[in-house]
Amino acid sequence: MMAVSLMSKPRCLLVCMVLCVGVLIGEVCAVDLSEYFIAEQNYGREPVEGNLRLVHGRTPNEGNVEIWHQNRWGGICDYLWDINDANITCKQLGFPQATKALDRSFFGDQTVTFWAYKYGCLGNETRLDECFHRPYGRPGICNTQWGAGVICEPRDPADGTLRLANGDSPNEGTVEVFWSGVWGSVCKQEFEKVDGNVVCRQLGFIRGVESFGADMFPQGVGPIIVDDLTCDGTETHIIQCGLPNGPFGHNCIKSYDMGVVCKPNREGDIRLMDGSGPHEGRVEIYHDEQWGTICDDGWDWADANVVCRQLGYRGAIRATGYKGEDFGYTYIPIHTSYMMCTGTEEGLIDCHRRDGWTHACKHVEDAGVVCATQDTDTIEVLQKDTRVRIVGIGTGIGRVEVSLGNGWGRVCDPDWTDNDAKTACYHAGHGWGEETRAATSSEVSAPKDKDMPFILSTVVCSGVANETLPECELTVSETFSCTTGDVGVACEGHTALSSGLSGAVIGGAVGGGVGGVAVVGAVIYYVKVVKASAAVSAAA
């Protein structure tokens, strides 16, 4: 699971109050959050019956208790609420135990329906809904000031977690590391700038270390845990570096405890997370003094290209998004959506954002990129403007034709599906309909221009509502032979030609030819990548 840095801002902790478990100021959140995040609706996974969350707390391990029931969150009345009930609540959320059971909406008045009350946990349960309680659905029993709350004992962070102590700002201090249940220090022996860069990056400061030394800050707590740290500079976590003496093995003294000053992040800084290498990953942008993701609504190659060039790469090979399948999920804030880059900006912060710093997304929609590495010789943008029209025997039914900016063409896809049809109909301006389907061969038999080429040989769409053709996987080609014929659609609500009419309906108008159609346009970028090795082989 990816470690998330929280840089000691109380406001940041409030943002994450139902998103991180066991985080203290300046520490890194690197614990198992699976149960907790299933319970967080904004994380992108739907909660299930009986999931819990804590709200309105000052830190992630405290708050009023809410339970998911009948597809919505509701409060728990504090009547007979005690430490046994609080213990089971905390354990369900992944904490060791409760330190306090609180009543009277201690963390603020409840704004949701109360689902349950009069819990009687015995202590051997694993979930709160296993405890005795009065039936759900008694909203009149309690008022907004009678909510049950808890303070849970924080969990230990993962081995190798770092924090900075004794500094005057979040980016400086004595380096302290957690290992085997103990916080301790890092020795300055053999500690070099490359090691400091890895330390700072792990803590969320992508610009690396500004200065380091053993006499900059007071000594750290606990024993010396790390000595002779050996990094090569590519690592994102000190666990990936060499530890010749292992944890707790050292030939050092406490007066050599290492301190660092990390270069502070700047508004608009970019980092890529959870990729197979530094050239790819989920895009995260630094805004308002915290890292956050970008929703993939409107995310395309132009946006990805700006990200890659900002990070020092030649450009983008691919823009990724929906479902987090490429680079996983995270649980930091989502900062923005609908980036509208032209592709030439120096940084992503320079691009227009249609909705400013707002969004209506979940983390399954986090945007990502794959950048061109050093073995990429050229990146050529082949086409930019994509339009779709439906030509056939009625309105919203017939053959699909596509323009990639240089004339209309036909689509040949032996695996054309209803999902592909839904996207084509929506893109052509016929709306999104669950009843939309792929057309039969007889429904795509309208007159056609025999000289019109096939230009798409593969279309793979996800079927997600309001998807346009640029968001599908496409294969562009004008040199293949089609054996299956044109693809077609029957959009939801389509109408056939009236009896006695002939010709083809194009964009809602009856006509005998192809032209004069009003269609919905969308930008798409087809990127041709030529590897340096391939170019050399061809030249030979």
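Including glycine, each Cβ sits where the backbone N, Cα and C put it.
So that you can see what the record holds, here are the features copied from TrEMBL:
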SIGNAL    1-30  signal peptide
DOMAIN    52-153  domain 'SRCR'
DISULFID  Cys121-Cys131  disulfide bond
DOMAIN    162-263  domain 'SRCR'
DISULFID  Cys231-Cys241  disulfide bond
DOMAIN    270-372  domain 'SRCR'
DISULFID  Cys341-Cys351  disulfide bond
DOMAIN    388-492  domain 'SRCR'
TRANSMEM  504-527  transmembrane segment
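Features as recorded by TrEMBL, highlighted on the structure.
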residue	record	contacts (Cβ under 8 Å, 6+ apart)
Cys121	disulfide bond	Asn84, Asp85, Asn87, Ile88, Leu128, Cys131, Phe132
Cys231	disulfide bond	Val194, Asp195, Asn197, Val198, Ile238, Gln240, Cys241, Gly242
Cys341	disulfide bond	Ala302, Asp303, Asn305, Val306, Leu348, Cys351, His352
Legend entry - For the domain 'SRCR' (270-372), the mean pLDDT of the predicted model: 86
Legend entry - For the domain 'SRCR' (388-492), the number of residues DSSP places in helix, strand and coil: 17 helix, 38 strand, 50 coil
Inset, instruction - Pull the DSSP breakdown for the domain 'SRCR' (270-372) and write it out as helix, strand, coil residue counts. - result: 19 helix, 35 strand, 49 coil
Inset, instruction - Tally every other Cβ atom lying within 10 Å of the Cβ atom of Cys351 (disulfide bond). - result: 20
